């Protein structure tokens, strides 16, 4: 249960089920047992247009980013709007880019405005991660699901990016983020959920936890 | 007291059983075909003088002004056919790829199989056969040449495009679906850009193939370079034949160079920060292609109306009425069976010759990035030889080889092998060029000899793709046996030609059905083999 | 604004394309709508590169004499010529004996117009590789054990009649070792027999004589073995309904008259006659080819 405006960090060792939890949350994978409700709907029960409408309200930053290398940064960011654009507009935008100011605005917030017209496969890993975040900003979702969004960033940038992801929460959106870094989890989230072997083994307000607590949690897998 | 020492089991080198089984099967099939081709005497040294005459003419092509003028016009016709045929093939291929991709059907296997089955029919027939069939329906209309290239190429292109789409990493596409975009938009942003390089370079490769096919169509009377070549060939005017071959080689070279430029640009784009600048080369390629299509349409004076005219419908009715039901008498079916075996042997030998030749020539023909001018220059004769090998039509090779080889499967198979080598050798050289240069550089840096560096650093990554290409060409070789069968080599193509010559339409239908079935079978086997190679 | 101009440009291009294509005649083939044009063609048999490339000579002479639009359409394939005659893309075609019969069966009402003086009694010659040591003879049976090639599959002089005479002599025309080859042309037959890959072959006597005269044949390598009895061969065939379409009911008579009136003494006529290797043209009748049709049926080449 993630409430409106809540920022939840999911922690756990590799393979504990963090990515699966996020995939279930946007309806990519049906839950193996139990039920799931996202923004008031069950994604596993929706099909076609209804599912697309729900998904357009859920922003995701994937662990492997899933950006398209041969496309320009501009288009990869604009892809965040494909959930609301009709197909013809999406196609036209590849020839005559649409909504460039918004794209540049989003890229400015992640510090990449000068690369807007570059091909995405010329960017470094950290820069790509920021492109994925810019895509999310352009999508402007009500729920953000992020899988290790800061793994390739230096500490300062990681901090800034997580701040951006948490922004929708300030206007009633929610954030569910899988993190490896205890410091970031405690600084940016209200609540921490710990997973091990697919089960919840920890669920506590961030205020009640300390960095050593979480570090011990990661260490506990051995 | 003896101590039993528990030794850890020594690791055993385990071979990949499936690969070994396929490799062994391939050897057996090649050996069987070779045995069939080499039974009895095969050489006829007395014909050396005739081959000499053919070869000598290569150095003294006919340069008569009027003749060259005629060749120029003919080359334009061939180019127009090739451009429009390719454009049609790409359009059909793009539409068909969606129908034939596993991506589209997901787990619904029957739909996918049905789409593949439908595509097998246009693909299983040679362009020349399409040309002859269309000629019977449309008469002397330029659409004959365009459709005869566009329909079979469209089906091949659909299969290849579908493969490219299926092989693109699916992550970005699924990520877009996950954020609510529609399938079309998701494919536009998440699949197409990733596949674009492969699609574009394949399109230029198809254009080069289409130029050669347009020449084959000229042999059946569709005009162009092939027509002039056929006329000179019938009277054995070798200097004229060589002039036509050189003109054809120039066209092929132009398509090749354009394709190479586009590929290079896609692989290593120029970076210009801060502006939305389209790549000039790519923009020129796209605009140039569009202009060429418009020009070709105008030049051939195509009229869509003739496709649906009452006359075309009437002739279609006539041909279908005559061709159905297919002949099914025992003698014909036995003949079909026997000739299918010959076709198979010929195609297997052709591909074996081409693979062996490619292994020898590809290292010389390749232009690895960063090679010095000396290295590039040294490769030029090899590349030119490959170009001539594929520019000389297979029927010409078949006749020339028949001067020094006794009639049978061998001259036909070798003739096909030479043209296939011309194509495969070039593709193999490209595979070598595109291989990652770093492993080889690392080996050279630690003091390996060039051969060693080649064997350990280049061959392993290049062998798989080259064999996969050879398997693709196998299917083409099966169809091309049609071109070399008449001179004693036999095969389904010779049988088809003999039935077509006497207008025995029911038998033609039977032979065509057998050809499609054989092509489909070869495609299935080669698909399996390619999967093992992956 | 920019979008609008782009759309206008595209529409304009499409329109220009459509109209341009309408106003132009294709460099390959003639539009079937050209109602007032006589479309002629020829099978690619003897010296096709000369005949097909100098077709202007025939078309122009015929157009001038008969006051008709005449276009020549090139064809390189025997079966294609027959099919195009059936579809009505070719009105008047120079056929061989067998292809003419096939064409008349597929286009009922077609009418033979004229043949050359030599076509009433045409011959083929069997040639052998000098290395076989065979001396010229009338007995065809020694050929049975040799590697043997015909010319084109439906050539009358390179396939049909020789096969018939072989059969009459007791030799199975399909029974040569390894099966007979089909060289594709008379010149290729000579070259293949000269190389020895095929030890024997058969071709059109007219081509054989002219190659001997040109000195293009090594007399030691290729030897004339036998000459066939005479048979009727090449002729001009006019399609059904052509006269009606052109609005000239007497078209057949006028064509026959023009062909038979060609004289070697007239320099313009001589050009046409020379192209066909003819001394003169004479009228042709369908009955001249009845025997060809019978033999074609007997050998399975007419169905």
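Glycine residues also receive a Cβ, built from the backbone N, Cα and C atoms like all the rest.
Where the annotation comes from TrEMBL, it is an automatic prediction and has not been curated.
Remember, predicted model here, so these are calculated numbers, not experimental data.
TrEMBL lists B:75-263 (among others) with the feature domain 'ABC transmembrane type-1'.
Marked as domain 'ABC transmembrane type-1' by TrEMBL: B:340-526 (among others).
Here TrEMBL flags B:20-38 (among others) as transmembrane segment.
For B:67-100 (among others), the entry in TrEMBL reads transmembrane segment.
Under the heading transmembrane segment, TrEMBL lists B:143-164 (among others).
Among the features that TrEMBL reports, transmembrane segment is placed at B:184-205 (among others).
Sequence-remote contacts of a segment are chain residues at least 6 beyond its ends whose Cβ falls under 8 Å from one of its Cβ atoms, and for the transmembrane segment (B:214-235) they are 70-71, 74-75, 77-79, 81-82, 85, 127-128, 131-132, 135, 144-145, 148-149, 241, 244-245, 247-248, 251, 393, 395-396, 399, 483. Summarising the annotation, TrEMBL assigns transmembrane segment to B:214-235 (among others).
Under the heading transmembrane segment, TrEMBL lists B:241-259 (among others).
The feature transmembrane segment is assigned by TrEMBL to B:280-300 (among others). Here the transmembrane segment (B:280-300) has long-range neighbours at 76-77, 79-81, 83-84, 87, 142, 145-146, 258, 261-262, 265-266, meaning same-chain residues at least 6 beyond its ends whose C-beta is under 8 angstroms from one of its own.
Sequence annotations record features per position, and here TrEMBL assigns transmembrane segment to B:342-366 (among others).
According to TrEMBL, the feature transmembrane segment maps to B:387-410 (among others).
Residues or ranges marked as transmembrane segment in TrEMBL: B:453-474 (among others).
Under the heading transmembrane segment, TrEMBL lists B:481-501 (among others).
TrEMBL lists B:507-525 (among others) with the feature transmembrane segment. Counting only same-chain residues 6+ beyond the ends of the transmembrane segment (B:507-525), those with a CB under 8 A from a CB of the stretch are 117, 120-121, 123-125, 129, 323-328, 332-333, 336, 340, 343-344, 347, 474-475, 478-479, 492, 495-496, 499-500.
The transmembrane segment (B:241-259) is in contact with the transmembrane segment (B:387-410), judged by 3+ CB-CB distances under 8 Å for residue pairs 6 or more apart in sequence. The transmembrane segment (B:387-410) makes no contact with the transmembrane segment (B:184-205), as judged by fewer than three Cβ pairs under 8 Å among residues 6 or more apart in sequence. Per-stretch counts of Cβ pairs under 8 Å to the transmembrane segment (B:184-205) identify B:143-164 as the leading one among B:20-38, B:143-164, B:342-366, B:481-501. Between the transmembrane segment (B:342-366) and the stretches B:20-38, B:143-164, B:481-501, the greatest number of Cβ pairs separated by less than 8 Å involves B:20-38. Within the chain, the transmembrane segment (B:20-38) has long-range Cβ neighbours (under 8 A, six or more residues past its boundaries) at 342, 344-346, 348-349, 352, 408-410, 413, 529, 532.
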